[in-house]
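Undergrad: My questions all concern the structure below.
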Amino acid sequence: MAELRVLVAVKRVIDYAVKIRVKPDRTGVVTDGVKHSMNPFCEIAVEEAVRLKEKKLVKEVIAVSCGPAQCQETIRTALAMGADRGIHVEVPPAEAERLGPLQVARVLAKLAEKEKVDLVLLGKQAIDDDCNQTGQMTAGFLDWPQGTFASQVTLEGDKLKVEREIDGGLETLRLKLPAVVTADLRLNEPRYATLPNIMKAKKKKIEVIKPGDLGVDLTSKLSVISVEDPPQRTAGVKVETTEDLVAKLKEIGRI
């Protein structure tokens with residue numbers, strides 16, 4: 001069996017099926033009493049790590065999440081999918097709401113060094129903020145090569161071949177390990193955790209640490225000025241002829 005070790009980042013986000021509501025004070029979105037789940041792109045990253053282990057190319061898969069106590073539920077999901085153990089970097093809820101890609105990348109970089117992993121896998125972006133920055137920043141802090149938007153990953157000895165979709169075709173990268181890879185939707189289809197694996201996950205270890213244990217300051221240099229609901233779409237108007245359409249467009253100043 002290979003001795004490679006993989007760190008997979010998993011983020012707890014508001015479930016994609018939930019209708020987002022803005023807080024009355026417009027400082028963010030309502031999270032209390034709202035269903036949360038693992039970020040879909042993170043699920044893909046976990047699945048890829050587990051598949052590498054099933055092929056006996058990886059020795060250990062470690063799932064990590066940064067946030068409030070409820071993040072342990074997200075880690076348990078990763079453990080049920082096949083990750084070996086979890087690390088919860090506990091952050092108070094109020095502070096967790098202000099976490100950005102820069103702070104999370106600092107945490108991931110420190111953990112990658114501490115755990116001596118060979119590969120950091122994470123989703124290309126999270127569906128709550130769509131930043132698409134954490135993987136790139138993590139690679140920057142570690143000074144590791146990176147393969148973003150991966151649609152196929154192949155381990156070749158001490159190198160990783162990454163295919164990524166770009167405008168007009170495919171780009172193939174060959175990265176020397178250790179490396180950072182971010183997962184695209186086309187990389188794989190995540191499995192559903194079976195009941196036996198869900199039960200086994202309850203017995204797997206989750207280590208709880210603080211950002212300070214890693215020497216990381218989570219103070220953000222960004223502040224949210226205001227969060228607004230998207231403007232309501234105005235009702236459409238049915239027109240019978242091309243002439244009516246042109247007249248209507250002139251009326252509203254579009255032509």
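Even glycines carry a Cβ here, placed using N, Cα and C.
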Undergrad: Tell me which residue from Lys114, Lys200, Lys205, Lys221 Swiss-Prot records as N6-methyllysine.
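TA: Going through Lys114, Lys200, Lys205, Lys221 one by one, Swiss-Prot annotates Lys200 as N6-methyllysine.
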Undergrad: Test of record reading: of Ser151, Ser226, which one does Swiss-Prot tag as phosphoserine?
TA: Ser226
Undergrad: Which residue, chosen from Lys116, Lys176, Lys203, is annotated N6,N6,N6-trimethyllysine in Swiss-Prot?
TA: Lys203
Undergrad: Swiss-Prot tags one of 22-44, 183-205, 229-251 as region 'Recognition loop' - which one?
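TA: Per Swiss-Prot, the stretch marked region 'Recognition loop' is 183-205.
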Undergrad: Swiss-Prot tags one of Ser65, Ser223 as phosphoserine; which one?
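TA: Matching Ser65, Ser223 against Swiss-Prot annotations yields Ser223.
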Undergrad: Sort Ala9 (AMP binding site) into helix, strand or coil using the DSSP assignment.
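TA: In the DSSP reduction, Ala9 (AMP binding site) maps to strand.
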Undergrad: Distance check, please: Cα of Ala9 (AMP binding site) against Cα of Lys248 (N6-acetyllysine), rounded to an integer number of angstrom.
TA: 51
Undergrad: Can you check which residue among the binding-site residues Ala9, Ala126 has the largest number of Cβ atoms within 10 Å of its own?
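TA: Neighbour-count leader: Ala9.
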Undergrad: Pull the DSSP breakdown for the region 'Recognition loop' (183-205) and write it out as helix, strand, coil residue counts.
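TA: Secondary-structure composition of the region 'Recognition loop' (183-205): 10 helix, 1 strand, 12 coil.
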Undergrad: Please report the Cα separation of Lys200 (N6,N6,N6-trimethyllysine) and Phe41 (AMP binding site) in Å, rounded to an integer.
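TA: With distance taken Cα to Cα, Phe41 (AMP binding site) is 24 Å from Lys200 (N6,N6,N6-trimethyllysine).
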